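**Student:** I have a structure here, written as structure tokens, and I will follow up with some questions on it.
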Amino acid sequence: MAVLLHFFFLSAFAWMLVEGLHLYSMVVKVFGSEGSKHFYYYGIGWGSPLVICVVSMTSALDSYGEVDNCWLSLKNGAIWAFVAPALFVIVVNIGILISVTRIISRIGGENYKVHGDANAVKLTAKAVAVLLPILGISWIFGVLAINTHTLPFLYIFAVFNSLQGFFVFLFHCLLNSEVRAAFKHKTKVWSLTSSSIRNINVKPFNSDIMNGNKEGVTPTKMNTWDKSTNSANRIDLSAV
């Protein structure tokens, strides 16, 4: 259990780093193709935690699992196999957050000069609020909560960590304009498809109308899949 916790917590931090690097590649410095970036992203997200766990297990397997908890031992320094990568990710993401925030502030300042838009501070604050949860900056409080003397950091970390998933869902799903537009498009397609299916099911198939039969002429039965008479092409499209 301690090994699994170690791996999945490291994976969470690794994917936070991937999110920061992806954000950096889109906003600050554009580099690489999408295919090559995804290859490196999977290597960082799943490969690096696996390597750290394998090295830690082979060197100090007895450090996993204690009497009181299923976690890394605090006595012989095995906890640094988690704290060091976590601190690295937090420091890198803080640097990325500062770089992205500076660019957003500069764009807001240019918009103010050109269009007189005074929402630069608001835009910057919104960007910081959106990026903080997904970059995992709040985990720094968990790293600082190392003993009972830092009890306030324990409470702060518990609050922020429990709300991290909610903030990601709120900012990157509910309040994301692209996600809302895609959802509206999907619902419109679903509604049109369901209404078309209902209209086709309600409207009867009249072979006489399709064949152009008149009064006094004996109606002929039409096979909709008879390719020899090209009847398969004569379909009532009024419902569609």
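From the backbone N, Cα and C atoms, a Cβ is placed for every residue, glycine too.
Got these off TrEMBL a minute ago, pasting:
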DOMAIN    1-176  domain 'G-protein coupled receptors family 2 profile 2'
TRANSMEM  6-27  transmembrane segment
TRANSMEM  39-58  transmembrane segment
TRANSMEM  78-104  transmembrane segment
TRANSMEM  125-146  transmembrane segment
TRANSMEM  152-175  transmembrane segment
**Student:** Which residues, given as numbers and ranges, are at least 6 beyond the ends of the transmembrane segment (78-104) yet have a Cβ under 8 Å from it?
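**Tutor:** Contacts of the transmembrane segment (78-104) (Cβ under 8 Å, skipping residues fewer than 6 from its ends): 6, 9-10, 13-14, 16-17, 20-21, 23-24, 27-28, 48-49, 52-53, 55-56, 60, 63-64, 71-72, 123-124, 127-128, 131-132, 135-137, 139-140, 143.
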**Student:** Which bits of the chain, at least 6 residues beyond where the transmembrane segment (152-175) starts or stops, bring a Cβ under 8 A of a Cβ in it?
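**Tutor:** Same-chain residues near the transmembrane segment (152-175) but 6 or more away: 129-130, 132-134, 136, 138-139, 141-142, 144-145.
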